Amino acid sequence: MGFTLAIVGRPNVGKSTLFNRLVGRKLALVDDLPGVTRDRRIHDAKLYDLKFQVIDTAGLEEAANDSLEARMRAQTEAAISEADAVLFVIDAKAGITPADSTFAEAVRRSGKPVVLVANKAEARGSEAGMYDAFQLGLGEPCPISAEHGQGMPDLRDAIVELLGEERVFAEERQEEAADEVFTPAAVGALVGDDIEDPDAEEIPAYDATKPLRIAIVGRPNAGKSTLINTMLGEDRLLTGPEAGITRDSISADWEWHGRKINLFDTAGMRRKARVQEKLEKLSVADSLRAIRFAEVVIIVLDATIPFEKQDLQIADLIIREGRAPVIAFNKWDLIEDRQMVLADLYEKTARLLPQVRGLRAVPISGERGQGIDKLMENVVKTHEIWNRRISTGRLNRWLEGVIAHQPPPAVSGRRLKVKYMTQVKTRPPGFVVSCSRPDAMPQSYVRYLINGLRETFDMPGVPIRLSLRTSDNPFAGRAKKKK
């Protein structure tokens, strides 16, 4: 295995549950009693395309040096020293305790890279705990539910970002590209047609066997619950003309054309100024949590009064959260001049939500069941794009052509040099460009690259992340491949 992760944290935060999730079997004893795990346990683990070893540890305890708790703590400290990185687990539902703060300091002193894992994030009231987690100084918390398997894709991406692709895929790639520099000849090789895609089979971009998680959001009374009842074929959710009937984020299992779906109906999301009573504040927080655990978010708009300010705010939130949005223009049965109205709605979608070009939008009637299949076809396609992975070879062949056609501008009389590009994550697609002076790169050129990626690699309707950094040549230090 290429690297080792130690799962640490105070007792009863879900470390052993996460260990079992990563190992794929119930190897660790799990109970509600603190201190169930007394010895550190190490096992081969897998998280999607990542293969590694994981260490389950006793809960960190403050105790006298001659006590059992002290020996458990010593086991944990030994695990930290053996590991390449630490998964520091907190209980988002319970919030940050003094013990969390004490042992976060100990983990920081170890100098090991850390992913802050906010477990039990599916629970009501966990939102406050995740916000409080920032005070630990371990970076942004990664919300998961180890028990239910939610948030695992984000945990995978956090590990890759922490250790770097070269580290986490070291064994898989040690036989890959030669030890070269980015000379014109090397760039020419990248642009050639004879380079195989090393990632195509090694990292499958899409797994249609896993349930697709969909959140259905929108303003109050847009028809979200009616739509879900039509999908399920039963009156599972309370509906009516009164705005705000749905208080909680409610989940339901469904199957569409053989594809398993987890549906989340959410409370209607209002402007903050109108969120007065405590219960409604909790409902909005529940909706935000549903969005974060979803993969695709269907934004239900009332076609008779679309694109209110709240609609745009909801869409912007979904895009900033990196989820895959699809718009459903509901109550289409009430529209008379449908062809003209639809053309107008498509134009407004492109104009009012320019941050995601090609956003998919479908007219439906939740009450009559019209347009549901078309909506789901667009949901599945958007989900596939959201999971898309492009090999480094293809990206750099494209980048070389882009630079030749439109090089970066000169800043303060000095030309910016773009060296190479790689994809660092999916869900949504995220890319890193290595260049000479990242801070000086105009945002207009960054948008130019994003738009080019979207068009060339057929990625409409999903957020695309692109960051700039200064780094060494990605091929430096690799052993030259012998022919």
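The backbone N, Cα and C atoms fix where each Cβ goes, and this holds for glycine too.
Record features (Swiss-Prot):
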- 9-16, 56-60, 119-122: GTP 1 binding site (BINDING)
- 218-225, 265-269, 330-333: GTP 2 binding site (BINDING)
- 3-167: domain 'EngA-type G 1' (DOMAIN)
- 212-387: domain 'EngA-type G 2' (DOMAIN)
- 388-472: domain 'KH-like' (DOMAIN)
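For Asn12 (GTP 1 binding site), the spatially nearest entry among the binding-site residues Gly218, Asn221, Thr266 is Thr266, judged by CA separation. Relative to Thr57 (GTP 1 binding site), the binding-site residues Gly218, Asn221, Lys224, Thr266, Trp332 all have Cα atoms farther than 10 Å away. On the 0 to 100 pLDDT scale, the model's mean across the domain 'EngA-type G 1' (3-167) is 80. Across the domain 'KH-like' (388-472), the DSSP tally of helix, strand and coil residues reads 31 helix, 23 strand, 31 coil. You'll find the Cα of Trp332 (GTP 2 binding site) roughly 36 Å from the Cα of Ala121 (GTP 1 binding site).
By the criterion of other Cβ atoms within 10 Å of the residue's own Cβ, the least surrounded of the binding-site residues Thr57, Asn221, Thr266 is Asn221.
Separating the Cα atoms of Gly218 (GTP 2 binding site) and Gly9 (GTP 1 binding site) is a whole-number distance of 38 Å. Thr266 (GTP 2 binding site) falls outside any helix or strand according to DSSP and counts as coil.
Each residue contributes its Cα atom, and for Lys224 (GTP 2 binding site) and Ala121 (GTP 1 binding site) those atoms are 24 Å apart.
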